[in-house]
Structures are given as structure tokens and as C-alpha cells.
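Here is the structure we will look at, set down as C-alpha cells.
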Amino acid sequence: MKLTIRLCLAALLLLSTTARAQLDLVLKPDNDQLRQNIEVHIGDLEGRNTRGLRQTTSYVREQARQALQALGYYNPSINLTVLEEGPRLRLEIDAGEPVRFQDVLVRIEGPGSDFAAFQLPPDRIPKRGQKLDHSRYEGLKGLIRDRAQVYGFFDGKFSEQVLRVNPNTNAADVRLVYQTGRRFELGDVTFTGDTVFSDDLLNRFVQFEPGTPYQSNLIANLNRDLRGSGYFDEILIDATPARADNGRIPVTVQLGERKRHSVGVGGGFSTDVGPRALLNWTQHWINESGHKRGAEAEVSGPRQTLGGWYEIPLDPPMTDSLRFTTGYQREDIDDVETRQLSLGTEWHHRTNGGWQRVVSLEWQDERYEIGDDSGHSRLLLPGLSLDKLVSDDSIDPSEGYRLQLASQAGHRAVLSTVDVARIVLAAKGLTTVAENHRFLLRASVGAVATNDFENVPPTLRFFAGGDQSVRGYGYRSLGPTNSDGDNLGGRYLLESGAEYQYEFRENWRVASFIDHGNAVDTLNDALKTGAGMGIRWVSPVGPLRLDIARALTDQHWRIHFSMGPEL
């Protein structure tokens, strides 16, 4: 008889407090797993009178017996008494000694017997002397079947699957013998559907050759990569074993194009830049080779940007692309005003380790004013950036980290007005303890190397302070100053922060934090510290943060409001 353990939380929630009140369960030994399984098997006794409870005693006895057997107790003592007061059903159980595994044979036979996936974890195989748990036996069978399906052993089956229980000796014997059969292969991939894309582009998404041994993740990766391309709104992949010819499965991919153009309109607010509006347009494909282009604009009080790009997919298209960019940015923040025109090219590559790598070459023409000084720079900047994000949720993660590196350099000998090199390293980490307690740590360091800092444009200098920097200080208000108090920006950036959050109700958290850092000209210059408290709300549009922070060094308060994910 096949027994199942219904220990799911949903079923437990269906047990009302009234139902529990009508059942007195006295259990020896008092084991939580046993108790929960018995209660779930018996189910709802709500609303029964004395007569109704007496009529259900046979049912309750049988359900209790099944619940006990499922966990290996085959010789229980079960007594039921209907109590007039309540009325209530008193169920007294002495579970007795459990059945234990005795002779266990688990064997994989056939062409896949030596395959790594069938080398089963030792902790999943019952051992002599362990207490019988039917879910452990069923789980082992399920594990073997699942691995066979994942790796293409579709003809696999159990030639023996026996669990013999002897209640008289409290012993159970297991014999599981699985015949793997041959391993199926993947065949040719055929794309169907009315799309503009060339076979050359589509075939570059396929990362396996005909004759490759079947693995379900190869099909899943193909689906993911096609979906991530941004070209399609319909993707149906048929790689069912029933279509196999002599063990080789043809793969058919039906595609439907997405709308060719999309326009996005958005907005936001932060105490750094105030309200801002965003507009973007994307043409998701231009030709059969999958070229794309787009434009975006952002407008806020201190900053206005306008940019455009053209992208060419490379090989493979899901990890490599070439992008040409152009943009204009104007900033007017306190003592610094800049107007920058840029042209560039970028090679984007996603590594197998999850790093997003960008190799770039950018030309910048920047006119600027810092305090009473003004300047004009022209720079040709080769660059390298690395970015890795690991998290369990893209909007509101509970665990994860982010690592970033950005570097650029220019030289007078190669179309630049100043010799300069710039590098920034940043790291963030987030962890959650005991469900409601979250800890966020971050650190950033940066440096500018030059023999002529006065001619380095503001966009390559460092400024600190603000919602994402040292709270308690205004946006980009920290840095070396001249005799008039104008912030000139620094050669070095040093920042760190620690934050604790407590979730007091779903999607609401209180936070306390401390930030430390500054933009400085020497590593011996003083750093600033800010600390405070805040509240977090995970809204339908993303996390919102409201903080009140005190600048401990300068003894003043500041409110900060910002939006966006933690990492």
C-alpha cells in the first residue's frame, strides 16, 4: 500500500481553531512531525455533536494508523474516547517502536549505470538501522526518475521496486533496481514562424550540435536566450522524446516577433536631484541581422541628458554585442557646471561566471566651470568595466552581492588634452537573518592619476555626499574646496556604509545606518561621518527609502529620499 505524508503548510492552515479544539491528541512519544501528520490525516472535526464524534471514531482510528505507518510506526496502541463536555474526541496513541530498514539494495543498471548523475548522494539512500519513512523511499524513486528525465534516459524504468515491511519484527527491506536504457540525443533545430530574422542569427542562439547527448538545461537555456534577446514575444520549443527517430530528438522552435518599437515614459524623485522625468524609445530590430537602436532622455533640475545607441549582435548574440553610443549631458550642481558631448563604442560580453564586461573607447568634449575657473577638455578614453550581480530577487532581494570596477585612461599623445587615468571599485553585500533582520554593507574606493589635476574635467573627479553616498550631507557637497569654499572635487574617493533593517510588517522596514567617507586630495585627509534612521517600503513600483541623517562631523540634520533596489 502506497502511503503519503501530507505535511504541507496549506493543509495545516485549513485546520481551524475550532477543529483543533474538538480533538484532544495525547501522543507518546510527543513528536511534532507525528502530531502534525496525524492531525492532517484526520482533518476537520468542526461542528460535530457527541453522536457525530462517535460515528467518526472508526475513520479517525484508520486515519491515525495510516499517518503513523507513513512515518514507520506499524504497532501503535490507539484509544478513542468521546467526552460529553465540548463535545470532544480524545485520541490517545502510544506509537510503539518504529520499523527500521534492514536489507537495502539500490542499483542502477544499463548503459547509464556509470553516468555521474546516477551516482546517488549517500544521504538519500536508506541505511540499515534507520527508521522507516515512506517519504524517504518515495523520494529516492522520484530522484532516480527525475535524473533520468533531465539527462535523456527516457526509456528508463524500475525492473524492481519493492518495499517489504514486517510489522512482527519491525523490519523493512528495500529493493530498487533501475534500468536506464539508452541516452537520447538532440537533433537538428528548426525555427518556424513568420519572422524577419536570418537563419544565421537564429542558429547562433543554439549552443549545441546535432548528436549532443540530451540535457534539459540545453533546451531551457535556448528558451532563456531567445527570450532575453528582446526580439520575440512568443517562444514555443518542442523537444519531446515521442518525436525521436532512433534515439535522436528533433527540436522545433516556433517564434513570434514582438512589436518592433516601444516607448517608455517614467519619472522619479530623490533629494539628490529632485523630481526627474525619463523618456526612452527602442527599435527592437532594424534588419534580419537583429541590429537594434534606441534613444533616451532624462530631465531633472540639476541634470539633463540625451543619448542614442546602435547595437549589433555578435557571436553568440546572447552574450556578446557591439554598441555605438552618442550623448549630451548638462549638469549644474552647486559650484560645478558642465556640458559634455560624447561619442563611443562598446563591446559587451557576459562571462560564464556571471560578469558583465564592457571594453570601450569614448571621445569626450567637455566644457566646465568650477567656482570662478573654467576649462575645456577633449579626451579619448579607452576603458574597461566589470559588473557582477548575484541576488535572489531583482527588485527586493533578501540575499546577494554586487561587485563593480570601472576604469578609463587618456594620454596627450592620443587626442587628449591631459594625461589621466581613473579607476573605481565598489562592493555591496546584503544578508537576511531570521527572516526579519537584514544587514547591508557597502564600500567604494576610487583614484585619479594625473600630473595636471587642474585640467582634469569635473566628470572624472570625485565628489561625495548624498542619498547613495554619505548621508547627512548634500548631494556632491563633500570634496576639497578653494579659498572661496567652492567644491573642486578630489583625486580619491573613500566611502563605506553599514545598515540594519527590521521588517515589522510585510513590505515595511525600519532602518538604522552609519556612513563614512569623503572625496579627498590625499589619503590623510579627514573623512566625514553621518548616521541616522529611516523607513523602507517595498511599493508596487519598487523600494522607496526615507531617511533622516545627522552629519556627525558638522552637527546638522538632513532628510534623504530615494528609490530603487538595494544592490
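FYI, residue positions are counted from 1 along the chain as it appears here.
Using the three backbone atoms N, Cα and C, a Cβ is placed for every residue, glycine included.
So that you can see what the record holds, here are the features copied from TrEMBL:
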type	residues	note
DOMAIN	26-94	domain 'TamA POTRA'
DOMAIN	186-256	domain 'POTRA'
DOMAIN	320-564	domain 'Bacterial surface antigen (D15)'
SIGNAL	1-21	signal peptide
DSSP residue counts for the domain 'POTRA' (186-256), split into helix, strand and coil: 21 helix, 25 strand, 25 coil
The domain 'TamA POTRA' (26-94): DSSP-derived helix, strand, coil residue counts: 31 helix, 17 strand, 21 coil
Segment-level pLDDT (mean, integer) for the domain 'TamA POTRA' (26-94): 87
